[in-house]
Amino acid sequence: MLRPSTQRYSVTRPLYSEDTFEDEHAKVYRKHKRLCIYYLFASCTSERAKNTAVSLLPIIGWMKIYSIKDWLLNDIVSGVSTGLVAVLQGLAYSLLASISPWYGLYAAFFPVIMYFFLGTSRHISVGAFPVLSLMVGAVVTRLVPDEGLPANITAFEGLTKDEQRILVSASLTFLVGLFQLGMGLLQVGFIVMYLSDTLISGFTTAAAVHILVSQLKFVLGLTVPGFSGPLSIIYTLKSLFTQITSTNIHDLVTSIVVMVMVLGVKEINDRFKSKLPVPIPIEVIMTVIACGVSYAFNFSENHGVDVVGKIPNTFESPIAPSLQVFQMTAVEAFPIAIVGFSVAFAVAKVYSVKHDYLIDGNQELIAFGASNIFGGAFKSLAASTALSRSAVQESTGGKTQIAGLLSALIVLVVILGIGFLLEPLPKSVLGAVVIVNLKGMLMQVVTVPYLWKKDRPDCIVWVGTCLAAIFLGLDLGLAVGLGLELLTVVFRVGFNPLRILRKRNKAVKKIKKMIKKGELTLTSNGLQATCSMPIEESEDESNMEDLDKPTDYSDLPIQVNWSADLPANIRVPPVNIHSLILDFSGVSFLDISALKGLKALKEFIRVSVDVYIVGCDPYIIEKLRNCKFFDDEIKTSIFFLTIHDAMLFIHESHPPKTVSEEVNKTV
């Protein structure tokens, strides 16, 4: 952490464009080695090998600075607390995936082990995530429906329905891991930039609605078949309401009591988090109480309550994924991979900023890819991070992924030792816990009025993504959201300089023609029309190529002020900016398409909008020279070293006239 200091430093230097900087400072040309084999061996130093190892195994980096005295106790407390929550959420979220509860425990163990070595975040809790579990469940019920025959997959032969579902879930998780690992190796972590916070918010709210509806059958104690595809939520609600009179009152009362207690204590945790050493683990407490009551009164046999049931006290053997499942689920696996990574990266970024360390998006993709491949081989659910579980790991004092490793050990103890104690746990309790944890995602809906007031295109993206994901399904909803986001980008671009240039050229031609015919005369107030209606110009008279050229003001007796009203009702869209700055600090190369795109800068210049490029690599400027990019209109003088240099130059070129104008420009 940087400590505040009373010392200050200031830098004073001339305003530099690339041209002036090059004039004052000679270029230094480095000699590059051309012999590839020599370069390979010469550059393979011990320092570079160490840096490569640290980048691939981030554990090496933070283990070197690990303070046993200051951090270990915090990690132990955090690991135990997170482990207890992970057990409960693992059981609960497996219900969303339509598989047996104990497989959710595997998601809290196997992926955590792999992420411990490969992950760059020190605070997220890896494991089952409700949205991912729901998306996996949609695929599982599509291939192995509750009613009817399963998909025609050779590997299903000789397997029970539960075993078929586990094969689908494990193979899908494995495929998700392959997608994530591939994207990480290809260094495409930037892909999350195309998923805006607005899109993710709308998508996760829709997912929360799906999760809520899917858990009602456990809360009400009803048997509802799983539906998938568009309008599946409508079919589920229809099935629920047709059976509403068969509600199991014991399940309903148990769920209501659990939800009220958990919500109440969570509110206390939020209000007094500064005074509480650790949050009250109310979910774990209610689970223990529910298990005891269910066992004492034999809820399962006496009252028909659906319970977790037998939990094996051993790990099942690993399985090979099915290639046929790969083929049938590839379309769903890719969005699952994207959503899982996006959510995990967003949470990791929050904690990395808070605790002042760096995370690497590409390495996170590799870490989650390897985690899901490893977990999929051992029948685990697709892993990401749950916001509430990560909050527990961080708020209880967790410093590193040692807390995550200890949470996995707690899960291991439950699987191998005391899992049988959870066998009488009613599934309605798990459903209630899931619903309570949806509060944060469901409350995102309150941002809609704010978005409507502040940014309507963003509001449209939110509402469109949410509604599409609710009614069409999460996979199609995500695709619709991306489409809406791309459309809003197109509509936000601003004015079209070429369209304005053509309008101006048409207007100048019309003015010249009217002056020539005596229909416009020059007065002290400017050009005045001598007739009430302007002469309409036919399309044949306008050559489109001429209209794209710089405006020809010759033969005009007066300078045209495009900001003022033009004579004879001639209308041209106004241009409300005078300068445009392009930040090229993130541009590493240019291809032919980019060069053609940059040629469009002429259109801005021709409508009197000055264009400046800042932070450009000298290699790119040299390439532009070699490609004959510069001419009489686009000159090297548009390049500046920094944004600040360009801003100072713009202020010199366009000084504000009044204080109020300066304020308006700033706003």
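Backbone N, Cα and C atoms are what each Cβ position is placed from, and that goes for glycine too.
Features as listed in TrEMBL:
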DOMAIN    580-650  domain 'STAS'
TRANSMEM  72-96  transmembrane segment
TRANSMEM  102-119  transmembrane segment
TRANSMEM  126-145  transmembrane segment
TRANSMEM  165-186  transmembrane segment
TRANSMEM  198-220  transmembrane segment
TRANSMEM  240-264  transmembrane segment
TRANSMEM  276-297  transmembrane segment
TRANSMEM  333-353  transmembrane segment
TRANSMEM  365-382  transmembrane segment
TRANSMEM  402-422  transmembrane segment
TRANSMEM  429-450  transmembrane segment
TRANSMEM  462-495  transmembrane segment
> Does the transmembrane segment (462-495) come near the transmembrane segment (126-145), with 3+ Cβ pairs under 8 Å (pairs 6 or more apart)?
Replying inline: yes
> If you count Cβ pairs under 8 Å, which stretch among 276-297, 365-382, 402-422 touches the transmembrane segment (72-96) the most?
Replying inline: 402-422
> Are there 3 or more C-beta pairs under 8 Å linking the transmembrane segment (402-422) with the transmembrane segment (240-264), counting only pairs at least 6 apart in sequence?
Replying inline: no
>> Can you tell me which recorded stretch out of 276-297, 365-382, 402-422, 429-450 has the most Cβ pairs within less than 8 Å of the transmembrane segment (126-145)?
In response: 365-382
> Do the transmembrane segment (276-297) and the transmembrane segment (165-186) come together with 3 or more C-beta pairs under 8 Å, pairs six or more apart in sequence?
Replying inline: no
> Which residues of the same chain, at least 6 past either end of the transmembrane segment (102-119), have a Cβ under 8 Å from a Cβ in it?
Replying inline: 56-59, 83, 86-87, 89-95, 126-128, 133, 166, 169, 308, 311-312, 315, 363-364, 366-368, 370-372, 374-375, 378-383, 401, 404-405, 407-408, 411-412, 414-415, 419
> Would the transmembrane segment (365-382) count as touching the transmembrane segment (165-186), i.e. at least 3 C-beta pairs under 8 angstroms with sequence separation of 6+?
Replying inline: yes
>> Please list the DSSP helix, strand and coil residue counts for the domain 'STAS' (580-650).
In response: 33 helix, 11 strand, 27 coil
> Residues of the same chain, at least six outside the transmembrane segment (402-422), with any C-beta under 8 angstroms of its C-beta?
Replying inline: 66, 71-72, 74-76, 78-80, 82-84, 86-87, 90-91, 102, 105, 108-109, 112-113, 115-116, 124-126, 287, 291, 308, 311-315, 393
> Going along the chain, which residues at least six beyond the ends of the transmembrane segment (333-353) come within the CB cut-off of under 8 Å?
Replying inline: 120-124, 126, 129, 131-132, 135-136, 172, 175-177, 179-180, 183, 189, 191-192, 195, 197, 200, 203-204, 326, 359, 361, 364-365, 368, 372, 382-385, 387, 390, 394, 474-475, 478-479
> On the 0 to 100 scale, where does the mean pLDDT of the domain 'STAS' (580-650) fall?
Replying inline: 88
